[in-house]
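**Student:** Supplied in structure tokens, the structure appears directly below.
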Amino acid sequence: MAEEGLLLPASSTSSSSSLLSEISNACTRPFVLAFIVGSCGAFAFGCIIGYSAPTQTSIMKDLNLSIADYSLFGSILTVGLILGALICGKLTDLVGRVKTIWITNILFVIGWFAIAFAKGVWLLDLGRLLQGISIGISVYLGPVYITEIAPRNLRGAASSFAQLFAGVGISVFYALGTIVAWRNLAILGCIPSLMVLPLLFFIPESPRWLAKVGREMEVEAVLLSLRGEKSDVSDEAAEILEYTEHVKQQQDIDDRGFFKLFQRKYAFSLTIGVVLIALPQLGGLNGYSFYTDSIFISTGVSSDFGFISTSVVQMFGGILGTVLVDVSGRRTLLLVSQAGMFLGCLTTAISFFLKENHCWETGTPVLALFSVMVYFGSYGSGMGSIPWIIASEIYPVDVKGAAGTMCNLVSSISAWLVAYSFSYLLQWSSTGTFLMFATVAGLGFVFIAKLVPETKGKSLEEIQSLFTDSPPQDSTIF
């Protein structure tokens with residue numbers, strides 16, 4: 001296991017061929033449609049994240065915003081994230097995955113229109129707040145829905161590919177933001193959600209949610225529609241129903257609602273999920289995402305060239321991660337991704353240090369561009385998607401809603417802290433700010449290497465039993 005954490009399997013080529021065969025067999029029309037709908041939330045999320053940086057200058061100029069006003073616009077998104085996180089678990093458990101997707105897409109549309117027609121800061125912030133609430137719900141909902149409908153051998157690839165849509169959304173809006181006016185760009189942001197709404201009439205509900213709410217008779221029918229009418233889904237349906245019944249019996253004995261998550265048996269899974277979710281945020285993700293324009297300008301890089309280059313690299317990283325997640329495994333990609341983010345933060349700090357001390361002035365812009373590209377490429381290859389994949393895999397159905405709320409809260413609060421404080425941290429010390437982020441990334445690498453196990457190739461029920469029965473003993477590479 002120690003070697004598996006660092007090296008790609010020797011049979012990666014044959015594994016890739018097998019993966020392609022499995023993908024071909026699994027691509028039934030209902031599954032593909034459900035996958036696309038589940039992935040569109042990630043794309044909408046990416047569009048929202050990618051909107052701020054390229055439009056910063058024009059929005060501030062057109063609406064006469066101060067730095068404090070724009071800092072609020074950037075950070076109020078995470079206030080909405082916190083509000084969405086507070087309700088996401090209860091909402092998805094109460095009304096189901098599909099109806100919750102309805103709610104998030106309607107909020108996305110309203111938020112974009114509010115921004116597009118804003119004449120002052122209040123409507124601008126209201127639109128951003130509504131978008132934040134929707135993201136706070138969908139950022140966990142999407143991975144959960146996809147992992148619950150996907151076959152076990154494709155679960156990682158499907159979830160990672162879905163999260164790749166977030167990287168695509170960021171990249172598309174980074175690029176469009178250099179040529180499209182900010183109001184028109186907001187109108188374009190409505191299109192994905194408007195396209196999803198009619199498709200929601202044709203996708204199935206999660207079979208695991210159906211089992212949880214007592215609709216056992218529908219589980220096998222939904223699995224047949226997802227896997228194909230000729231597939232034998234009896235074993236999969238039996239495993240889902242058996243495990244759900246076991247969880248219900250435990251819930252009857254101990255029904256403490258949200259606080260049930262804090263029992264000793266969930267301590268390991270809660271720690272893994274929460275720390276993995278928080279690492280990208282505390283490692284400066286929102287700082288890079290919302291203020292890339294400021295970083296480029298401060299170090300002498302052309303903003304348009306920087307945005308386009310960064311977009312291409314992030315998309316490439318996301319594609320690479322999607323291809324490898326079910327071949328090399330989640331853990332290997334997490335380690336490589338986290339190491340790359342550490343390198344990106346460190347070289348960004350060095351570029352600011354050189355700029356501030358007037359050293360190597362001709363090379364500093366190149367180093368700054370390189371550092372941002374390394375950061376986003378590394379983030380896209382692993383830390384952008386895999387923490388949410390793991391978080392959607394490791395919690396039993398009875399605490400999945402509470403766990404989703406907790407993970408979302410941690411992500412949202414840490415994102416808000418970074419987004420709101422980032423501009424002030426840059427004024428304090430640009431070099432010191434990115435050294436802080438590099439330190440977090442380095443500590444995150446050690447955490448993953450020491451504690452995070454591999455979940456590739458296991459059913460959700462096997463993973464959840466593994467995490468709740470006893471912490472895995474074979475996760476360390478040191």
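Note that Cβ sites are derived from N, Cα and C of the backbone, with glycine treated the same way.
Per Swiss-Prot, the features are:
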- 31-51: transmembrane segment (TRANSMEM)
- 67-87: transmembrane segment (TRANSMEM)
- 106-126: transmembrane segment (TRANSMEM)
- 129-149: transmembrane segment (TRANSMEM)
- 161-181: transmembrane segment (TRANSMEM)
- 185-205: transmembrane segment (TRANSMEM)
- 267-287: transmembrane segment (TRANSMEM)
- 305-325: transmembrane segment (TRANSMEM)
- 333-353: transmembrane segment (TRANSMEM)
- 366-386: transmembrane segment (TRANSMEM)
- 406-426: transmembrane segment (TRANSMEM)
- 432-452: transmembrane segment (TRANSMEM)
**Student:** Per the 3+ Cβ pairs under 8 Å rule, pairs at least 6 apart in sequence, do the transmembrane segment (333-353) and the transmembrane segment (161-181) touch?
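**Tutor:** Since fewer than 3 Cβ pairs under 8 Å link them, the transmembrane segment (333-353) and the transmembrane segment (161-181) do not come into contact.
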**Student:** Any contact between the transmembrane segment (106-126) and the transmembrane segment (185-205)? By contact I mean 3+ C-beta pairs closer than 8 Å, pairs at least 6 apart along the chain.
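**Tutor:** As far as Cβ distances go (cut-off 8 Å, pairs 6 or more apart), the transmembrane segment (106-126) and the transmembrane segment (185-205) touch.
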**Student:** Quickly jot the same-chain residues contacting the transmembrane segment (406-426) by Cβ under 8 Å, restricted to those at least six beyond its ends, or write none.
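**Tutor:** Residues packing against the transmembrane segment (406-426) from afar: 67, 71, 74-75, 77-79, 81-82, 84-86, 88-89, 136, 139-140, 261, 270, 273-274, 277-278, 281-282, 284-287, 290-291, 294, 298, 391, 432-433, 436.
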**Student:** Is the transmembrane segment (366-386) packed against any residues at least 6 beyond its ends, judged by a Cβ distance under 8 Å, and which are they?
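**Tutor:** Contacts with the transmembrane segment (366-386): 159-160, 162-164, 166-167, 276, 279-280, 284-285, 288, 292, 295-296, 299-301, 305-306, 309-310, 313-318, 320-322, 325, 330, 333-334, 336-341, 343-348, 350-352, 354-355, 360.
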**Student:** So which residues does the transmembrane segment (67-87) touch in its own chain, when a touch means Cβ under 8 Å and the partner is 6 or more beyond its ends?
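**Tutor:** The answer is 48, 52, 56, 59-60, 121, 124-125, 128-140, 286, 290-291, 405, 407-409, 411-413, 415-416, 419-420, 423.
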**Student:** Sequence-remote contacts (6 or more beyond its ends) of the transmembrane segment (31-51), Cβ cut-off under 8 Å?
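**Tutor:** Here the qualifying positions are 77, 101, 104-105, 108, 111, 131, 134-135, 138-139, 141-142, 145-146, 149-150, 158, 161-174, 177, 182, 185-186, 189, 192-193, 195-196, 199-200, 202-204, 226-227, 289-290.
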